[in-house]
Amino acid sequence: MPQPLATRAPAKINLTLHVLGRRADGYHDLESLVAFAGTGDDLRLEPGTGLALHVDGPTAPLAGSDADNLVMKAARLLADRVDGLKVGTFHLTKRLPVAAGIGGGSSDAAAALRLLARLNGLPVSHPAVREAARLTGADVPVCLEPRARMMRGAGEELGPALILPRLFGVLVNPRVPVETPAVFKALGLQPGQGLSVAAHPAHEASSPDALLTLLNKARNDLEPPALKVQPLIGEALGLIAETDCCRLARMSGSGATVFGLYDDCEAAAEGARQIRSLRPHWWVKATSLR
Ligand SMILES: C[C@@](CO)(OP(=O)(O)O)[C@H](O)COP(=O)(O)OP(=O)(O)OC[C@H]1O[C@@H](n2ccc(N)nc2=O)[C@H](O)[C@@H]1O
Ligand SMILES: Nc1ncnc2c1ncn2[C@@H]1O[C@H](COP(=O)(O)OP(=O)(O)O)[C@@H](O)[C@H]1O
């Protein structure tokens with residue numbers, strides 16, 4: 001029985017994000033511990049003669065035109081590299097906030113590459129799949145096999161999959177888009193200029209408590225510039241930090257999504273309830289992270 005051509009595109013969370021410096025090509029070298037949430041978009045592929053995309057779901061209207069969708073960009077890049085690639089129509093159910101620091105578009109693109117690889121009997125480690133991922137965007141390679149791992153460079157250097165203690169979190173987005181280039185620009189580094197040399201061995205933690213302690217010693221260096229671009233991020237961080245039993249409040253990626261971490265699933269659900277009661281129109285999701 002063939003596997004159904006459907007996959008989840010989970011939200012990517014940067015548990016830590018240290019900017020090491022700005023490179024000559026304008027991109028920034030990062031060091032980030034990336035994990036994936038239990039919440040995400042869904043993608044299905046119906047085999048057919050040409051490439052096409054249908055998008056539905058609550059955040060579909062925010063994801064731009066179908067032609068510019070990262071699902072189509074990734075699929076075209078793979079089709080350009082593999083002769084006779086079998087393709088079809090993608091059906092994307094978009095739930096994640098867009099331009100939100102949780103790599104929704106990148107995860108959708110990576111999901112598209114996984115489905116095309118499955119349809120064509122290619123491993124996701126195939127060089128053409130890896131290259132299509134890298135050329136689609138800096139965050140796409142880490143989303144190809146969505147497991148917690150260290151990400152370095154501009155996203156092209158990936159460490160081995162890590163078995164992190166399970167974390168219980170709340171994701172909060174004030175429903176304002178924040179464009180990634182604007183945040184890197186607000187960081188204000190010149191080409192060749194460094195910012196940090198920190199190495200953070202958060203993955204060495206063997207218990208949730210030890211991991212939370214290590215995460216608290218790390219940072220997201222994009223928080224200060226993102227707060228300049230969108231002050232609501234500071235408000236969201238403050239509200240999370242004030243929820244009962246919150247162990248850590250931090251921004252993911254270039255924002256605006258921020259996350260709170262808690263000791264267990266009940267505390268995370270209660271944290272989500274508290275934020276929702278204060279900001280009923282924001283996107284608030286209790287989720288596990290691993
Ligand atoms: C910041 C991060 C952290 O995981 O996440 P998000 O906030 O996007 O979720 C990523 O590095 C974002 O990856 P992604 O969103 O795929 O970036 P791209 O489309 O390739 O690049 C958009 C723009 O961001 C800047 N950029 C991106 C990555 C990087 N390491 N250095 C950069 O300077 C560049 O100005 C680039 O033109
Ligand atoms: N499938 C998609 N989902 C979300 N955004 C998409 C998608 N395809 C293209 N985009 C565009 O990519 C940009 C970044 O979106 P997204 O991946 O959600 O950002 P982030 O990585 O900050 O969470 C947006 O401006 C959006 O218009």
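A Cβ is built for glycine as well, from the same backbone N, Cα and C atoms used for every other residue.
Annotations in TrEMBL come from automatic prediction, not curation.
When other Cβ atoms within 10 Å of the Cβ of LYS12 (active site) are tallied across all protein chains shown, the result is 27. Positions annotated as active site by TrEMBL: LYS12 (among others).
What TrEMBL records for 69-144 is domain 'GHMP kinase N-terminal'.
Residues annotated as ATP binding site in TrEMBL: PRO97, VAL98, ALA99, ALA100, GLY101, ILE102, GLY103, GLY104, GLY105, SER106, SER107. In the three-state DSSP scheme, GLY105 (ATP binding site) is classed as helix.
Within the same chain, the residues at least 6 positions away from ASP139 (active site) whose Cβ sits under 8 Å from its Cβ are LYS12, GLY103, SER106, GLY155, GLY253, listed in sequence order. According to TrEMBL, the feature active site maps to ASP139 (among others).
Annotation source TrEMBL lists domain 'GHMP kinase C-terminal' at 205-277.
Comparing the binding-site residues GLY101, GLY103 by how many other C-beta atoms lie within 10 angstroms of each C-beta, the top residue is GLY103.
With respect to ligand 2, the recorded positions LYS12, GLY101, GLY103, GLY105 contribute GLY101, GLY103, GLY105 as residues with a C-beta closer than 6 angstroms to one of its atoms, given in sequence order. Confidence in the domain 'GHMP kinase C-terminal' (205-277), given as mean pLDDT, stands at 96. The number of other CB atoms found within 10 A of the CB of PRO97 (ATP binding site), across every protein chain shown, is 25. Among the recorded positions PRO97, GLY101, GLY103, SER107, ASP139, residues whose Cβ is positioned under 6 Å from ligand 1 are identified as GLY101, GLY103, ASP139. Of all Cβ atoms in the shown protein chains, 29 besides its own fall within 10 Å of the Cβ of SER107 (ATP binding site).
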